[in-house]
Amino acid sequence: MQAGLRSGRNQPSEERHVAGLRPPPRDGGSACVPPDGKCFFPFHYKNGVFYDCVKFKAKHKWCSLTQNFEGYWKYCSDEDLAKCVFPFWYRRTIYWGCTDDADAFGRKWCSLTQNYNKERVWKFCG
């Protein structure tokens with residue numbers, strides 16, 4: 001297991017506490033965990049849908065390894081962070097790269113889905 005990777009249901013509860021996660025109780029069944037250990041986007045956690053790594057009461061960003069968070073997760077590396085989706089639709093224009101359209105400070109941003117008008121998820125370009 002790689003350094004920083006804390007996945008699986010049999011980890012000690014203090015590891016989950018250190019990471020700041022309190023996974024929901026399992027209602028039986030078994031989850032299919034991807035063998036590659038990659039983040040699953042978008043993923044559902046509590047009442048939200050997330051398109052990027054999150055940092056809830058944790059020192060480091062983390063992601064779910066399954067579509068519906070079932071206790072399988074890992075700390076994110078730079079490779080795991082959300083990627084821009086090109087082309088994307090914003091207002092009445094299709095963008096093939098980052099844009100500063102509608103940003104008051106001229107910062108470039110991109111959509112994390114093909115249709116920003118529908119999902120409204122984005123990030124700044126870096």
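Using the three backbone atoms N, Cα and C, a Cβ is placed for every residue, glycine included.
Just so you know, TrEMBL annotations are computer predictions that nobody has curated.
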Query = Of the listed cysteines CYS53, CYS63, CYS125, which one does TrEMBL record as disulfide-linked to CYS98?
reply = CYS125
Task = Based on DSSP, name the secondary structure state of CYS98 (disulfide bond): helix, strand or coil.
result = coil
Query = In whole Å, how far is CYS84 (disulfide bond) from CYS125 (disulfide bond) when you measure between their Cα atoms?
reply = 8
Note = Around the Cβ of CYS98 (disulfide bond), other Cβ atoms within 10 Å, all chains included, total 17
